[in-house]
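J.: Here's a structure for you.
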Ligand code: SF4
């Protein structure tokens, strides 16, 4: 415990200073959320590269929670889905049902090139299509995988902070 | 004179309900902020829980297929019991007009009623995690309730009354009682059960996303929108009331006592401020302590709670033998 205390003191604050607020703003339906956006992450068939970046977005360095975004455990608690990867056959129904379980107003973030246009998996036999083909998408974050800065900017667009 | 004492008591009781209702999300915010800072984060700010609640209230309410009145009533019962508890527990005044209900058994039963309602609602959803959460919560509750009763009972023996207001009043008049073995044993036991009852580390992790390790969160997975807002608000109020109960049982200074007339009214703002400071301090300490701990395995939790029950039992024994 003493070691941990010393470490906490020595490390201090690791969160980077917040960059300028991005200009892009939320889709109208989501504007009334007012600085608090709960996210449910759905892995529709990603290679887990995007997941690593999401983990670092909510880690201490980028600390997306300071802008009012938070990952939650249930789609019922969520305001938006974060979908990664191309939608595979096995996940198509699951993604659709998860989307239906979210209370309105709701949004969908397609994270990564795979989610936007199937990326490197385009044309693969197990892939149904991009996220857009299954559920309506409000925000897209390009990149393979997208940089944490880009993800943070997209989330700040939603929370407006 | 008695008329104006009642006035001060009534105003005090109303003020403490308002304070708990408005302040408990802020307490949760402070605790999250303390944790975030210790983890090297910036944190979302102490107002974030209120923003979350405001947002949830604007969202659509969902009644999942197959759920009945139990599911819909549970958030209301939970919030109502928390509000009543906030009114009767000696927070700012020991002279609440609901004093008759400020009995140790009544308050414990009141809080248990809310927990049971939520557990029944979790069963009502018929999801795997709901049932699991309900069964775990009941396990914890069954071990927590006797300990709360025992430890407050130990404190009530020297006073000769199980009325919480009377216990707090007598501690005010005889401060040396706080450092007696009875009080110290009861304090440790009560602290452990408050942590368990409010679902904090090491018993439960309020920030977890892993369904398999959840206790409280697993029960509310199906709630959405305004219902979820009620549940979260009520949980915050329960945390505040229980922390406030601990604070005022062992450090009642600042609380408005049985003064007469306008003195009692004038003491109220001070009492409210003292309460807010005490609870913020306790909550901050709890959050800071959580950084150093991991969650206990579910099967180790009964051992922890049994240990605290033994402490409470020793406290009762000591209160008889050392009296
Ligand atoms: S976008 Fe790139 S990193 Fe993300 S899932 Fe697709 S291949 Fe993996």
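Just so you know, glycine gets a Cβ as well, placed from its N, Cα and C.
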J.: Which one of B:45-63, B:159-177, B:178-196 shows up in TrEMBL as transmembrane segment?
T.: B:178-196
J.: Of the ranges B:209-227, B:304-322, which one does TrEMBL flag as transmembrane segment?
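T.: Feature transmembrane segment in TrEMBL: residues B:304-322.
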J.: Ranking B:104-126, B:239-256, B:262-292, B:304-322 by Cβ pairs under 8 Å to the transmembrane segment (B:73-92), which is first?
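T.: Looking at each of B:104-126, B:239-256, B:262-292, B:304-322 in turn, the most contacts to the transmembrane segment (B:73-92) are made by B:104-126.
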J.: Between the stretches B:138-158, B:239-256, B:262-292, which wins on the count of C-beta pairs under 8 angstroms to the transmembrane segment (B:178-196)?
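T.: If we count Cβ pairs closer than 8 Å to the transmembrane segment (B:178-196), B:138-158 scores highest.
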J.: Taking the transmembrane segment (B:304-322) as the reference, which of B:138-158, B:239-256, B:262-292 gives the largest number of Cβ pairs under 8 angstroms?
T.: B:138-158
